[in-house]
Each structure stands twice: as C-alpha cells, then as structure tokens.
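A.B. asks: Please find one structure pasted underneath; my questions will follow.
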Amino acid sequence: GCARDWDGLTCWPRAAFGEVAKVPCPRFFEEITNIHGKTCFLLRNCTEEGYWSEPFPPYTVACGFDESSSKGPEDQKSYYSAFWSVYTAGYAASVASLITALIVFAAFRKFHCTRNYIHMHLFVSFILRAVAVFTKDAVLFADETMDHCLMSTVACKAAVAFFQFSILANFFWLLIEGIYLQTLLLLTFVSDKQYVWWFIFTGWGAPTAVIFTWILTRIYQQNTGCWDDDENGVVLWIIKGPILLTVLINFIIFINVIRILVHKLKTQEGGGSHSSHFVRLAKSTLLLIPLFGVHYVVFAFFPESTGLEARLYIELGLGSFQGFVVALLYCFSNAEVQSELKKQLCKWQYQEYLNFLHKHSTLSRENSPVNYVTQLSLLEKISPTRKTSVYQNGVTSV
C-alpha cells in the first residue's frame, strides 16, 4: 500500500492499494478562508503502483481558499513568520526581566516575605513557559523539511509535555496569586506564613498530577505523532479542563477583589471626591489584570475555531509579554524595591569613595618626604651598626 505521507500541509494516513484516503482541511485554513464552523475534506487515492495521487479537490477548492484574495499562502507564511518574531521577542524580554526580578527579591533580605515568595514562584512559572515555547519551536519547527507524519520521537513528545506542564503551572500560580490576595483582604489578622507550603504544594503539585494523567492517557489511548495533533475529547479536557477552571475561579476572585477595593476606598476616603475613588480603583484594576490573567477569559469558553486571529494576538502576542509586565509592575515599579535599590546604590558609591580615599592617602604617605625621613630615623635607631658606619663614612669623606 501507500505509506503515511506529509505533503507540506497535512498528514495522510497509510492506505491500501486502490483505497481512497479522506482527511479534513488543515485548521489554519479557517483563518484565511470562509470555512469557519464547517468541516471540509480532501481526498487522495492510493494507486495500484503504490503511489499517492494529487489531492482532490485541490486545497484551494476543497478548503474554500479564494485565489483572488490578497492574503495568499506566501503572505500567510510571512504573517506567521512576523508573528513568530513578535512572540519570541516578547518571551525573551519576559525571561530577562523575570530573572532580574528574581535576583532582586532573592538578594535583599528585606524582600523575603510570603507575598514576594509567591511572586517569585509565579516568575519561575513564566520563565518555564517561555523556555518551553523556545524548546518546542526548536524541536518541532526548526527544520522545515521535517516529515511531521513520521516524527514521533521521545524528544519531541517530552518537549510537548514540558510545554503543557509549563502552561498548567503558570495558570495555577496565577490562581494562587488571586487566592492569596483575597485571603489578605478578607483575613486581616491571620498569619499568612501558615499558607505558604499549601500554596507551593498546590501551585506545583496540581500541574504535575494533571500532566502525569495526560501523559499516561496519551500513551495508552492516543500515542500518535509528537502529541501536538488534534486530541480527542477525553485527552483534550485533561489539560483544558483544569485551565478553564483556574481562569473561571480567578475571574470570580478578581471581581470580588475589585468589590472589596471599592468598599475599602469608600470607607477610607469618606467624603472624598468620586474622581479620586475612580482613579485609585482604575490603577488597582489595571495592576490586577496581568497578575490574575483576566485577559484569558475573553476566549476561554469559546470553541478553538472562534476568532483565531484575535486569539493569536491575545494568547501569544500579548501573553508573551505578560511576564515582562508582571515583573515591571510588581518589582521594578514597586516604590519599596526602588527605594532599596537606590539605598544600595548609594551605599556602593560611598564604599567606592572610601576605598578611593584610603588608596589615595596610602599612596600619599608612601611618597611623602616626611615619611622618608621618619623611616630613616627609625632605621638608624634600630641599627646602631649602620649608624656608626654612616658616621665613619662621613669622617673619611671630610
């Protein structure tokens, strides 16, 4: 028969002599054609000689591609290439800023508190997510000539599994941030240290349990390709279910936190102006959106085919810079962090100045004539023999 074949757009399954294979149109056609919500199919015949025929109808016909459209395959390739550059830059900026923020929080004992410990774990989850994206791109898409039908290595499966784990961990730590903030607002006099280990256990333990379940299900039910193909219902919801649950809970917490902030602002400012209330509330809301990942709610409960282009912008474009924004807001823009960094900088500058003065004074003493005479006097006192020798030499010379 005919072996599995990758024609550059889709993967064709193995077929017997004379058999007609039937596959759906690739999903990316939904973004550039008018087949949204439809399922269109391509056919291909395995000839008696063991060769594949050309797909029929052609991709342009079967998948609803309009040849008069200005957004052709080459334009689409350029578009995805430009988009890849954007999210790569976003993840790179996020990694650099998050690592710097981690160093700042770890270096100063003043920042060693429960709130910052949770921030640091969230930073690590963002770093893992960026590294997982880079790893997945390098393993799966670095070689454009790669046959995606035959590719089913341990390395590529591990890369996809690591990618799924990093996403799960990131969403769970966003949830932990929301739960912790609400706990602080509701339970004023509770010791937050008692919750730290529960937070850590949930933030890393839950994603680990989910990903192990997903891996085992993949191995025994759908062990195909690199585990990056379309998944059946059970396998898909093992990953998507917990993510949607964390997004939903975080959104509810977000609304509740905003309600609590409104109440506290009114209580604190009493008869203050409404504009002041609004400004402070707007600032608090904008700070909480990237921390809670509220922007994921926009497409969380819609089908995957809904608004693919907008989904790419929000989940990849904006999402790639989310780590950078979180590090900027909760570390570099924090007044306490800025004050401590300025204090440390002044301390370093003062220490350098003292070192300079000490070095300069030492050199001055060593080269001073007074210092030379003093050294000579001491030498003469210590060495009587040398003193006599100098005297005799003086008499002789006279």
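Backbone N, Cα and C atoms are what each Cβ position is placed from, and that goes for glycine too.
Just so you know, TrEMBL annotations are computer predictions that nobody has curated.
For 1-67, the entry in TrEMBL reads domain 'G-protein coupled receptors family 2 profile 1'. Annotation source TrEMBL lists domain 'G-protein coupled receptors family 2 profile 2' at 83-334. Taken from TrEMBL, the feature transmembrane segment covers 84-108, 120-142, 162-188, 195-217, 237-261, 281-302, 314-333.
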A.B. asks: Taking the transmembrane segment (237-261) as the reference, which of 84-108, 120-142, 162-188, 195-217, 314-333 gives the largest number of Cβ pairs under 8 angstroms?
C.D. replies: 162-188
A.B. asks: Which whole number is the mean pLDDT over the domain 'G-protein coupled receptors family 2 profile 1' (1-67)?
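C.D. replies: Averaging the confidence scores along the domain 'G-protein coupled receptors family 2 profile 1' (1-67) gives 73.
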A.B. asks: Determine which residues of the chain contact the transmembrane segment (314-333) at the Cβ level, with the cut-off under 8 Å and only residues 6 or more beyond its ends counted.
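C.D. replies: Non-local partners: 83, 86-91, 93-95, 97-98, 100-101, 104-105, 119, 122-123, 126-127, 129-130, 133, 287, 290-291, 293, 295-296, 298-299.
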A.B. asks: So, do the transmembrane segment (195-217) and the transmembrane segment (120-142) meet, by the test of 3 or more Cβ pairs under 8 Å (sequence gap 6 or more)?
C.D. replies: yes
A.B. asks: By a Cβ-Cβ criterion of under 8 Å, what residues six or more beyond either terminus of the transmembrane segment (162-188) are in contact with it?
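C.D. replies: The answer is 114-115, 118-119, 121-122, 125-126, 128-129, 131-133, 135-136, 195, 199, 202-204, 206-208, 210-211, 214, 239, 242-243, 246-247, 249-250, 253-254, 256-257, 260-261, 264, 288, 291-293, 296.
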